[in-house]
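Pulled from TrEMBL:
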DOMAIN    23-316  domain 'Deacetylase sirtuin-type'
ACT_SITE  His148  active site, proton acceptor
BINDING   Cys156, Cys159, Cys217, Cys220  Zn(2+) binding site
Amino acid sequence: MRRFTQVRNSVSTKTTFPTTTLLEKNEHITEKLLSLIKYESGRLLLMTGAGVSTDSGIPDYRGPKGTYTVNKNYKPTYYQEFAAHHHIRQRYWARSYFGWPRMQRVKPNSTHFAFAKLQSLGHIQEIITQNVDALHQAAGSHDILELHGTLHQVHCMQCGHINSRIDHQKILSELNPAWAEFLELVEHTKERPRLNPDGDVELPSNVSYETFKYPPCEKCHQGIYKPSLVFFGGNISENVKERSNDMILRNDSVLIVGSTLTTYFAFKLVKLAKELGKNVGIINLGPTKGDDLADYKIEAHCGKVIPAIADYLSMGR
């Protein structure tokens, strides 16, 4: 693997080079950095993780300011617990109820827009994202597969009926007027609860969820709604697995950005790409599970790299 990390004066024999301030000043560095996207890629598949959305205000899990780093006691919602226990669903939907207004206000950042620009220029063909925030779509990207689903809709676990998260929020407000008043109060305070990567928030430990109500399915009237994302311990659907494998097959290179590749299936896709002889590149600040599989590793925050690449290529270089 060729590792690209920041150096002070020159390019070493290990082909290390800066990825920030010298991007426009050193032609050799620029050419090497762009090789992932322009010169060696052919059809390029982009895979993104939580690190792409941190500049939008959504924390990642394992970064320096990630949820696991900041809150050592953080306990995510597990699929089996959500499916089996009423009190777990009360806890999740109450915390999600408080987090949804924040998620609605989140906007794409410069990296999302840069990816959309690169796709419009023909340098990126398709996108697989592990994120559930729909910010790639909001920035204008297309041909996107949401590997872990989306926060923007809910579905019945029994009959599969789908409802929008916006409408679901309105129903939760109608069912929980006292909580709605509490939410209104919290929204007007300066110190709001910390947002988690999956869209819920950290409420005080002394908050009781016993009074929080959530609706049955409006179609079958028996099932319960679940956010249309993959909880910890849940399974990616066979359809999504098949589509993601097909995307690996029909592209020549895979570029992973802002992901540690800790989740099993995302790492499995990168292994598949490598086994098939695809070019594999990684841009991430910190180590990833796929470093040993990568042909290139750029050690940098994507917000300092991707927008500069997009601007450079948009000038016809």
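From the backbone N, Cα and C atoms, a Cβ is placed for every residue, glycine too.
Feature annotations (TrEMBL) mapped to structure.
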residue : record                       : DSSP class
His148  : active site, proton acceptor : coil
Cys156  : Zn(2+) binding site          : strand
Cys217  : Zn(2+) binding site          : coil
All-chain count of other Cβ atoms within 10 Å of His148 (active site, proton acceptor): 21
Of Cys217, Cys220 (the binding-site residues), the residue whose Cβ has the fewest other Cβ atoms within 10 Å: Cys220
Close in space, distant in sequence - Cys156 (Zn(2+) binding site), Cβ under 8 Å, 6 or more apart: Ile162, Cys217, Lys219, Cys220, Gly223, Ile224, Tyr225, Lys226
Whole-number mean of pLDDT values that fall within the domain 'Deacetylase sirtuin-type' (23-316): 90
Other same-chain residues whose Cβ falls within 8 Å of the Cβ centroid of Cys156, Cys159, Cys217, Cys220, the recorded Zn(2+) site, in sequence order: Met157, Gln158, Gly160, His161, Pro216, Glu218, Lys219, His221, Gln222, Gly223
For Cys159 (Zn(2+) binding site), nearby residues of its own chain (Cβ under 8 Å, 6 or more apart in sequence): Cys217, Lys219, Cys220, Gln222, Gly223
